[in-house]
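**Student:** One structure, pasted below without further comment.
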């Protein structure tokens, strides 16, 4: 399967990335059990610190910040991609448990907000491309795949296939995700007060029966396996979420994964975000980080503007649409939505749709508009 095809079908293995973007196959950051234990210890400490400070999304944000600082300081840390995938399955089952019958009545209006999302993606991508190309002076192919608000792995794989600088692409998308995940929860915390803790989102382990546990495990295993076989985008999270949603909507169970397991999942996801910065020397990548932060700020502002338009057209809650349009990662923004009591199905579906549109249309748009103007470009790997 080619690199572009793997990206389009939600390929689970991250690309082999050079320094500053997390670099050994199968690992985000350094390989080996010592870097993994160190990363999880640092992530857990950061998560606990944020939890004690009553910060929003404490376990994910704290782990992300702590591991980012550690990575930029030269610590040898890493997270196995397979461990992250297992935690995505857990989060998928959790998100599916938040589905409600009301969402079935709202789904027709999602078609309108998805149409607005396509326009928002085109506009935001064009503006960020112009910023990076004309002001930043980045090469056209690198600027293009940095500007497209798709998934980090997907954009890095596609960019590499078309001869772009994979280090810059991965770094800018990592900065974008980290900036959005840190900004939006804090903003809502300041505006609306406390958010749900992870232990409120999940069940208490002692309340789960063996039957509940078996159903939740089946949702995760069967959902992930089926989604991967069907080559769905973000299969390890979307499949379990979809099956869990069906199970909970039909009343088979009302149980959720235990809060302790959800906290662990957030620590792993947050630590993985931080490990993206392994190998980054601040003085060497400061320019890329700066443009990544400016791009994230512009994308957030555009998401708010288009969310207002989506609200006016559909009457759906503005906050739900903002979370659906905010350019964070699929897993990360779904967790933010869960903490804010947003319509989880709506938030997750819109982010999945955005990634699908960018991955499927991004390469075609690049080949049609930009590739003919470039005199030297690597053909897609295949």
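Heads up, the Cβ atoms here are built off N, Cα and C, so glycines get one too.
Per TrEMBL, transmembrane segment is recorded for 35-53, 59-79, 86-104, 110-132, 168-188, 208-227, 234-255, 261-282, 289-309, 321-340, 352-370.
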**Student:** Please identify the stretch among 35-53, 86-104, 208-227, 261-282, 352-370 with the greatest number of Cβ pairs below 8 Å relative to the transmembrane segment (110-132).
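**Tutor:** Result: 352-370.
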**Student:** Quick one: do the transmembrane segment (59-79) and the transmembrane segment (168-188) reach 3+ CB pairs under 8 Å, ignoring pairs fewer than 6 apart in sequence?
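**Tutor:** Answer yes: the transmembrane segment (59-79) meets the transmembrane segment (168-188) with 3 or more Cβ pairs below 8 Å.
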**Student:** Grab the same-chain neighbours of the transmembrane segment (168-188) for me: Cβ-Cβ under 8 Å, and only residues 6 or more beyond its ends, written as numbers and ranges.
**Tutor:** 15, 17, 20-22, 55-57, 60-61, 64-65, 68, 138, 142, 145-146, 149, 151-152, 155-156, 159-160, 195, 273-274, 276-277, 280, 285, 288-289, 291-293, 295-297, 299-300, 319, 322-323, 326-329, 332-333, 336, 339-340
**Student:** Could you tell me what the rest of the chain brings near the transmembrane segment (321-340), counting residues at least six beyond its ends with Cβ under 8 Å?
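**Tutor:** Result: 56-57, 60, 88, 91, 94-95, 98, 113, 117, 120, 124, 149, 151-152, 176-177, 180-181, 184-185, 188, 192, 195-196, 201, 234, 237, 266, 269, 273, 296, 299-300, 303-304, 306-307, 310-311, 346-352, 355.
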**Student:** Residues sitting near the transmembrane segment (86-104): Cβ under 8 Å, six or more positions beyond its termini, same chain?
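**Tutor:** Same-chain residues near the transmembrane segment (86-104) but 6 or more away: 201-202, 216, 219-221, 223-224, 234, 236-249, 254-257, 261-262, 264-265, 268-269, 331, 334-335, 338, 343-346, 348.
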